[in-house]
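Structure first, commentary second.
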Amino acid sequence: MRRFNWVLRHVQARRTFDSAIGLRQGSQKPLFERYIHATGINNSSARNYYDVLGVSPKATREEIKKSFHELAKKFHPDTNRNNPSAKRKFQEIREAYETLGNSERREEYDKLQYRNSDYVNNDGGDSERFRRAYQSNFSDTFHKIFSEIFENNQIKPDIRVELSLSLSEAAEGCTKRLSFDAYVFCDSCDGLGHPSDAAMSICPTCRGVGRVTIPPFTASCQTCKGTGHIIKEYCMSCRGSGIVEGTKTAELVIPGGVESEATITIVGAGNVSSRTSQPGNLYIKLKVANDSTFTRDGSDIYVDANISFTQAILGGKVVVPTLSGKIQLDIPKGTQPDQLLVLRGKGLPKQGFFVDHGDQYVRFRVNFPTEVNERQRAILEEFAKEEINNELSDSAEGSWLYQKLSTG
């Protein structure tokens, strides 16, 4: 029997300890925790939580959340400075939502309400014990609820942006100054979340120790998060988070030869989350625009050169653009349409190769006239006859009869 009583005492102590330090399965802490003091739970909160939020006991979680947001904005002390009762009303609304907005707590609360309706002589002690059981968690979740009102969602530390480059910028390399939206430390409070001269008071839960002990267990106090004190004020600019939306700038040195979709990383240039953690990174995805003159294929480029059909036959000269300027090329005699001429090393820089540049390919586009004058026509007809004679001669020279006749 002694052994049983000893086990029972320790089980009860463990349950009491868990309630005191706020251990709840599935609980998640908000990204920015500022341990803002909230007045203790008022006895007026004995009202039914569903009535406080103006919803039905069968209301969905979304309906409860929507009603809470509307009421919280309406009765928030910041917008009701001349209405002392608004603070009590806001606290009542917050307490109701902290219970009904959590599925586990709501289930326990509903069971309690059912019991109270069954036993007429219930003295209300169950309701008060329910509040005390969760009171240590109310301060812990206050910032999360406060953030929901003002839509201060969790911040992802890394930032991803895109930067457009022209082909010439990608080929030669350049320096770019980039501005982008980011979360930065609040200037008003220097990222503290509260005024630098904000008054502090001893934590009522741990009485300044920072730890809660219920033999044989000891753990960090969940009300003050181990600091031993709580702050009664919060920064109005950042609403206690220490973080605000702002703009950052970064200078980016882009090497020559970068390709589209390449990503450049700047460590520590992303969003800030707290003064005790490192900022996220900035990831810049490059987008190289298509060029009206050149077509790119890796480190090689292609350009078209328009020539006449007489230049294609007789040869000649043509001026073509390159990345470093225009140059004059010799057109080989007998150039065929779409024939390529290679200019070695005239392409884009290569990264990490022994050959430091790609090539430029000149594609000859042969233009044929749609109209000719009489003289040109006569010349072309004569040329055509000559072609036919040459073809017949070539054909005859290759025949068995021609070979016999020529050898006599």
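Note that Cβ sites are derived from N, Cα and C of the backbone, with glycine treated the same way.
Per Swiss-Prot, these features apply:
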type    : residues                       : note
BINDING : Cys186, Cys189, Cys235, Cys238 : Zn(2+) 1 binding site
BINDING : Cys203, Cys206, Cys221, Cys224 : Zn(2+) 2 binding site
DOMAIN  : 48-113                         : domain 'J'
REPEAT  : 186-193                        : repeat 'CXXCXGXG motif'
REPEAT  : 203-210                        : repeat 'CXXCXGXG motif'
REPEAT  : 221-228                        : repeat 'CXXCXGXG motif'
REPEAT  : 235-242                        : repeat 'CXXCXGXG motif'
TRANSIT : 1-26                           : transit peptide
ZN_FING : 173-247                        : zinc finger
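Cα-Cα distance from Cys206 (Zn(2+) 2 binding site) to Cys189 (Zn(2+) 1 binding site): 27 Å (rounded to the nearest whole number).
The Cβ of Cys235 (Zn(2+) 1 binding site) has 22 other Cβ atoms within 10 Å, all protein chains considered. Residue counts for the repeat 'CXXCXGXG motif' (186-193) under DSSP, split into helix (H, G, I), strand (E, B) and coil, are 0 helix, 0 strand, 8 coil. Each of Asp187, Ser188, Asp190, Gly191, Leu192, Gly193, His194, Tyr234, Met236, Ser237, Arg239, Gly240, Ser241, Gly242, Ile243, Val244 belongs to the same chain as Cys186, Cys189, Cys235, Cys238, is absent from that list, and has a C-beta within 8 angstroms of the C-beta centroid marking the Zn(2+) 1 site. Counting every protein chain shown, the Cβ of Cys224 (Zn(2+) 2 binding site) has 25 other Cβ atoms within 10 Å.
As a whole-number mean, the pLDDT of the domain 'J' (48-113) in this prediction is 84. When the Cα atoms are compared, Cys235 (Zn(2+) 1 binding site) and Cys224 (Zn(2+) 2 binding site) turn out to be 18 Å apart. Each residue in the domain 'J' (48-113) gets a DSSP state, and the totals come to 51 helix, 0 strand, 15 coil. In the repeat 'CXXCXGXG motif' (203-210), helix, strand and coil residues by DSSP number 0 helix, 0 strand, 8 coil. Taking the Cα of Cys238 (Zn(2+) 1 binding site) as the reference point, the closest of the binding-site residues Cys203, Cys221, Cys224 is Cys224.
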